[in-house]
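Each remark here refers to the structure printed beneath this line.
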Amino acid sequence: DGCGHTVLGPESGTLASINYPRTSPNSTVCEWEIRVKPGQRVQLKFGDFDIDDSDSCHSSYLRVHNGIGPNRTEIGKYCGFGFQMDGLITSKSNEVTVQFMSGIHTSGRGFLAAYSTTDKSDLITCLDNASHFSEPEFNKYCPAGCVIPFADISGTIPHGYRDSSSLCMAGVHAGVVSNTLGGQINVVISKGIPYYEGSLANNVTSKVGPLSTSLFTFKTSGCYGTLGMESGVIPDSHITSSSILEWPNQTGQVNIWKPENARLKRIGPPWAAFISDEHQWLQIDLNKEKKITGIITTGSTLAEHYYYVSAYRILYSDDAQKWTVYREPGMGKDKIFQGNTELYQEVRNNFIPPIIARFFRINPLKWHQKIAMKVELLGCQFSIGRAPKITLPPPPQNKNEKNAEFMDDFIHSVKTSLQTDKTTFTPEIKNTTVTPSVTKDVALAAVLVPVLVMVFTTLILILVCAWHWRNRKKKTEGTYDLPYWDRAGWWKGMKQFFPTKSAEHEETPVRYSSSEISHLRPREVPTMLQTESAEYAQPLVGGIVGTLHQRSTFKPEEGKEASYADLDPYNSPIQEVYHAYAEPLPVTGPEYATPIIMDMSSHPSTPLGAPSISTFKAAGNQASPLVGTCNKLLSRTDSASSAQALYDIPKGQPGPGSADQLVYQVPQSVAHPTGSKDE
């Protein structure tokens, strides 16, 4: 009468003294006989040990034996308050006997222990929680029987469980291990959350929990997605039932609670059976074989109809003819699943191991008022084919040793292939969707494509920069060391593309003599303009421009004509007279002076300093024809005026002229050969 919580599974289990964790009663005894598969051994681990040792383990103690029955041998005898046993107690065979004796005592909680086969080196007990481990991720083995009434958990999946929760009990609630079988858990620790929800799953109630510094969750196979009841992937025609509830309401309208109404979270009435007995069922056709890992159920979800199913069985089939009732491995009876405790709450139950089937049937066993429910199935696609049926070839007429050997080899090969089909494992993926297969080529392309893009982009940038630098270097080569956008050649080349003003906007056209026009010939203006250096002053800006002729930057002096005393720099005895500036400049406003063409053949010798005579006259005057021979243009005046340049600089710049003088002046007088002057 001293046995407390006990679950003895085929590979692991949990046992505790009576009334644990409270004080055990006096004069009680309990004996557990543990057996595992032959060839294996048993290891025992204590989660808590608190037995009165006032009489030196004489009347109150825990004794462990190798074997069962009269031939067993003692491994050890233990007692003490708060006794700490860090290691494991290991048997020498596959059988162990654990004996608990409780004499006269006033205190002592008793004990709680877990056992497993020796190949589970990471065994823990049902009392271990996440705060006992410092690693951010770890694997442990949970024994069977960890759904205990004296342990609490807070939280749910996928949000996580509070760090004070029992690891193994939370694993049962999450559906990663079975309470009757135990199993391996993969735990991940992360930062806590302010609030933990409560829920009912796998016969474990999770309570609402407050803020904690950390939480834990489990890595799973990822096969926990919905299979189509709520989303409508499963058509209405694939949802059938044993009977349908039909009844008229107060207005006389007939309400039909059809099986297609049994979709989780669907607004409206659920499916309900016309007759409430243990022979009713709701059937779902998944269209093909699928891996079913769990089920979620609710009641009617209608406050005026307080109906729900509190317990049910699960059946499955491949052809809807032969049905199999779900049982846990090693159990000789059907598994009864806990259903709802009220009409709204969603209750989840997991299948460990999962069900592989096309047809799925729910058989209600207990209900409140009427059988009514809404359902969703959890799972994923099942891609592993079933083992082929064994078809033996017809036996030969003459049976001999060779034929017998052939048959043995054939059967052995078939058995080997069947065993190979069974040894498949699902990869650990932390999601609820079917994971696509990713090849190495895709991964390689994902790395090479960005690298190639970066390389080609860098090469293009280098080429663009080199081309830009080369062009800029070419443009910087000119007469003056100025920025390329300020060079006269560039500006002259661009001005040829500007539009010309119409004739009516011109104030006074520039006039040329007939002899000057006759000496002109066609030429390539853009080339000549771009190669010409800036030898003339910049155009006048401001209000003075309006007083000048539209196409000349030289302003004649008022009251007299200016004369030019220099030699003719453009007249050639061999070639015709020609210059790039003989034609009018564009209407947009000339920037440089028009070249001066003179007839120096008949000019008399003019003394230095005499006033110059310009061949261009003011409006209304006509210049004389120009005839002459080729003479050199002097670049400087004589020694008396050697400090003065041939042309004055523009207004606003430092120079010999005063601010009151004209912005542009005629060329200064220089010595030239003797000749007659034409009027």
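Cβ coordinates come from backbone N, Cα and C, glycine included.
Per TrEMBL, Cys30 makes its disulfide bond with Cys3 among Cys3, Cys79.
Under a cutoff of 8 A between CB atoms, and with a sequence separation of 6+ in the same chain, the neighbours of Cys30 (disulfide bond) are Asp1, Gly2, Cys3, Gly4, Ser17, Ile18, Gln99, Phe100. Residue density at Cys3 (disulfide bond): 15 other Cβ atoms are found within 10 A of its Cβ, drawing on all protein chains shown. In the domain 'CUB' (3-118), the DSSP tally of helix, strand and coil residues is 0 helix, 61 strand, 55 coil.
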